[in-house]
Amino acid sequence: MMGGSSSRIAAGLGAALFVGYCIYFDRKRRSDPNYKNKLRERRKKQKAAQEKAGLSRLPDLKDAEAVQKFFLEEIQLGEELLAQGDYEKGVDHLTNAIAVCGQPQQLLQVLQQTLPPPVFQMLLTKLPTISQRIVSAQSISDDDIE
């Protein structure tokens, strides 16, 4: 019995210390005069990184016309960049197009027939990450609405 009560006391004491630690650093953070500036800078960097990834100009996935326009633009940009030899950016644009495509399997089959195997392999490796970023970007925009 004695071991059980002492472990409860230790757990309670640990929890109290943790809460105190959180409160201390929260107050320290809020009283920092540069906190808002640091927060603005961090948000600015995140926005710049998102724009660099091409996700800030994602269409509203509920607007079929905007999605179709985005899809066609991404395919065209991807093809142009691949023709210029910029495989990395070209594949990025093609993965954006695949991510918003209504029938991605058919598009992948067409791309597999038309793209050189190394470029198609690069496309396949980037697909999961771009799809995940689009899903997270869409959920962020849904959170902004609420």
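Including glycine, each Cβ sits where the backbone N, Cα and C put it.
Swiss-Prot has this to say about the protein:
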- 1-5: topological domain 'Mitochondrial intermembrane' (TOPO_DOM)
- 6-25: transmembrane segment (TRANSMEM)
- 26-146: topological domain 'Cytoplasmic' (TOPO_DOM)
- 37-47: compositional bias 'Basic residues' (COMPBIAS)
- 37-56: region 'Disordered' (REGION)
- SER141: phosphoserine (MOD_RES)
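Sequence-distant neighbours of the transmembrane segment (6-25) (same chain, 6+ residues past either end, Cβ-Cβ under 8 Å): none. In the compositional bias 'Basic residues' (37-47), the DSSP tally of helix, strand and coil residues is 11 helix, 0 strand, 0 coil.
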